[in-house]
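Colleague: The structure follows.
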């Protein structure tokens, strides 16, 4: 067998066979075998890695809709050939992990990437030549950085704006904003779901780390985001408004505009276990404040950007987003972040002290799991008390946040704040000329 041979087995409807199937040489033929003919029909073919993947991308392999594809790379695949196909880093990594040990006429499939192949869908144009997968919101596809072999969905929730998963081999959960086409901006429904997931994670005694991140990329432009903060398109005069559709009975008592992302900040602050912000792209406005309140921040070297736009839209985070940021990076630098509204890349953010580490984009979530594994090896009681000890000097900020949060709500009701909001939604520069610098 040459190093770039592939044994590809296409499994029809029904459960997929175990990965330790034994296949004899005679079963591997040139060209496509006729199907066996039952509801679990199989066929085999032998072809090069690149040819196989190209055909898979173009939808020319498999046996119809609903197919689940199981592919085993024989020996060591041609890395260059694999890399030339438009696959995400985790998908490439899974391909290269998928080995077959050769012992006479027997090939035993090593532990590989069945879950990856179950994510394959019919091709869908994304405007960039990458037609391999449906966009990030398609069933079965969470995020390009997400490795499905490492996670299980938490089934007890029916979330629409976030995804919630439990790691298979480490005591960690992954909570991710799932609105990539609006840079993972949050609305009241998003915040409700985030609060529910955080509360659930808090009560899991075998979970030691919460990873907070954003799914992506955007199907519109391929951009990545942690979160762009509050969705300005649904910001009312007194806060962020719930959608008008949906179950009216379920909305009773929730019609008032909300600013309850501040409650989520307090949940993160008082979570009795570390919360790690895993930043794959933009962290902006309220999204920037969320990464600040997390215990640690891990950022993508290529795509993470940090920007505070609150004053541009007539908003401000007078608690953790600003005052706690100043404790992290110093008063002068924190004021620069808000007053000048400059964009900082991951390395700049790390240099100033608001990011713990910067890693290549493709290694972001794997590194986050490595952090969770290190945390899992510590004493839960010691870790909880250490977090509270670190928080103790700033506990007075809780009261400051409540006060400033309500002040922000009042500010939203002013014409000055409305001008910032309206200018953003209308795509123009705000005109604050008529509003004096009071003293």
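In case you wondered, yes, glycine gets a Cβ from its N, Cα and C as well.
So TrEMBL lists the following for this protein:
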BINDING   183, 228-232, 240, 282-286, 309, 315, 412  substrate binding site
SITE      240  site 'Important for catalysis'
SITE      310  site 'Important for catalysis'
SITE      412  site 'Important for catalysis'
Colleague: What is the separation, in Å, between the Cα atoms of residue 229 (substrate binding site) and residue 310 (site 'Important for catalysis')?
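Modeller: Cα-Cα, rounded: 9 Å.
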Colleague: Across all the protein chains here, work out how many other Cβ atoms are within 10 Å of the Cβ of residue 231 (substrate binding site).
Modeller: 19
Colleague: Which residues of the same chain, at least 6 positions away in sequence, have a Cβ lying under 8 Å from the Cβ of residue 285 (substrate binding site)?
Modeller: 228, 229, 230, 307, 308, 309, 310, 313, 315
Colleague: Do any residues at least six apart in sequence from residue 183 (substrate binding site), in the same chain, have a Cβ closer than 8 Å to its Cβ, and if so which, in order?
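Modeller: Residue 183 (substrate binding site) has long-range Cβ partners 218, 223, 225, 227, 228, 281, 282, 284.
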Colleague: Which of the three DSSP-derived classes (helix, strand, coil) applies to residue 412 (substrate binding site)?
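Modeller: Its secondary structure by DSSP: helix.
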Colleague: Could you check what DSSP calls residue 309 (substrate binding site) once collapsed to helix, strand or coil?
Modeller: coil
Colleague: Around residue 283 (substrate binding site), which residues of its chain at least 6 apart sit with Cβ under 8 Å of its Cβ?
Modeller: 225, 226, 227, 277, 290, 291, 304, 305, 306, 307
Colleague: For residue 229 (substrate binding site), just count the other CB atoms lying within 10 A of its CB, please.
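Modeller: Taking all protein chains shown, residue 229 (substrate binding site) has 29 Cβ neighbours within 10 Å.
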